[in-house]
Amino acid sequence: MGRIFLEHLGGLKLFNCAQCHTNLTNRSQLISTRFTGATGRAYLFKRVVNLTFSNIQERVMLTGRHMVRDVMCKNCGAKLGWMYEFATEESQKYKEGRVILEYALITEAEGFPSEAATTSH
């Protein structure tokens, strides 16, 4: 198998895999905290890195029929949530390409300021 390439988005507030602490995303990518997954509270994000994806599945959810992929941590394989590929309801189209991370399966951590933000001119 080769080396696993992992990305890091940086930021002041980070979200990581609860199993292996691999960085997944940051607060600036957060769209909503008003979702529910199999383990309870879940968050919707614009961009999440260091994931692998299952095959597409059709699921009927509270908000309608969706085509989704389960998402797993690229480093340890832990299931973390799902990604919306396609929504049949027009009002749900904003979810397409977005990722749900279940709060019980991730951790929040303090990040660090970017170099550009700390450099004075």
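First residue shown is number 1, and so on along the chain.
Positions of Cβ are set from backbone N, Cα and C atoms, glycine also.
Given the structure is predicted, the values throughout are model-derived calculations rather than measurements.
Per Swiss-Prot, Zn(2+) binding site is recorded for Cys17, Cys20, Cys73, Cys76, and the stated evidence type is sequence analysis. Under the heading domain 'Yippee', Swiss-Prot lists 13-110, citing sequence analysis as support.
For the recorded site, Cys76 (Zn(2+) binding site), the DSSP three-state label reads coil. Around the Cβ of Cys76 (Zn(2+) binding site), the number of neighbouring Cβ atoms within 10 Å comes to 13. For the binding-site residues Cys17, Cys20, counting C-beta atoms within 10 A of each C-beta gives the highest total at Cys17. Following the DSSP three-state reduction, the secondary structure of Cys20 (Zn(2+) binding site) is coil. Summarising the environment of Cys73 (Zn(2+) binding site), the number of other Cβ atoms within 10 Å of its Cβ, over all protein chains shown, is 23. Mean pLDDT for the domain 'Yippee' (13-110) in the predicted structure: 96. Each of Ala18, Gln19, His21, Thr22, Lys74, Asn75, Gly77, Ala78 belongs to the same chain as Cys17, Cys20, Cys73, Cys76, is absent from that list, and has a C-beta within 8 angstroms of the C-beta centroid marking the Zn(2+) site.
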